[in-house]
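Structure, as structure tokens:
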Amino acid sequence: MFTDFFWIFIAFTSYLAGSIPFGLLVAKLVTDTDIRKVGSGNIGATNVARTLGAKWGILVLVLDALKGLLPVLFIPSLFVATDSSDFDHVRVLSGVATILGHMFPVWLGFRGGKGVATSLGVILVLGPWSTLIAVAAFILTFLISRIVALSSLIAATAFGIAQFVQLGSLAFSSEKWSLAVFSIAVPVLIIVRHWSNLRRIMRGEEKKFQFGNQKQVETNLSDHEPGQTE
């Protein structure tokens, strides 16, 4: 019997998985730098790429995406049969908890990342076809604007619309309604976490993205002494 305990346990373990601050850990291990004190101060892949260079940013992107994908892929399957009417609901719970873990990690005083890479991992499991549309929207927007925040907002919105359209009438069924709610929740969470970026975009003040080259990396690190915590 699938009891309340299992719902709580799945949410808790997924949250813990999502709360692993890979951006902070990678920056600390490779440069002895607190990434929260460099660049934008965000622990996500974009800030790591800008301040420490492409390879470390890509590594954090992959790790953050995996911590979204793996819990949703495996944790629900440990407790619920894949043909159960609760299966999609449990996967949605796991996915949302994982994303919230990244955005509000208990280890960092509930001050985490924006959730884009982790959400990517989650939606790859919950809506792979809609994810392709979201990724295409991100790439197209980024090629035009070179603004990561704007690209993320467009991609999240595209995912929500595509997922809802794909579900169709099933969005209101007893087995799939949680996927419909998820298709709304993801864009809302991403927009809320990018609210300051959105305001800068509207003012024309949001910076265009570029990977930090070696000179920029050295400058960023020289402005922040190794081990400095402020």
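Note that Cβ sites are derived from N, Cα and C of the backbone, with glycine treated the same way.
What you see is a predicted model, and the numbers here were worked out from it, not measured in a lab.
Look at TrEMBL and you will find 5-27 (among others) tagged as transmembrane segment.
The transmembrane segment feature in TrEMBL is assigned to 56-80 (among others). Here the transmembrane segment (56-80) has long-range neighbours at 2, 6, 9-10, 13-14, 17-18, 20, 22-23, 26-27, 30, 44-46, 48-50, 86-87, 90-91, 93-95, 97-99, 102, 113, 117-122, 124-126, 211, meaning same-chain residues at least 6 beyond its ends whose C-beta is under 8 angstroms from one of its own.
TrEMBL lists 92-110 (among others) with the feature transmembrane segment.
Counting residues 6+ beyond its ends, the transmembrane segment (116-140) has Cβ neighbours under 8 Å at 18, 44-45, 60-61, 64-70, 72-73, 88, 91-92, 95, 98-99, 101-102, 151-152, 154-159, 162-163, 166, 179, 182-183, 186, 189-190 in the same chain. Residues or ranges marked as transmembrane segment in TrEMBL: 116-140 (among others).
Summarising the annotation, TrEMBL assigns transmembrane segment to 147-165 (among others).
Look at TrEMBL and you will find 177-195 (among others) tagged as transmembrane segment.
Note: the stretches the transmembrane segment (147-165) and the transmembrane segment (92-110) are not in contact (fewer than 3 CB pairs below 8 A, sequence gap of 6 or more).
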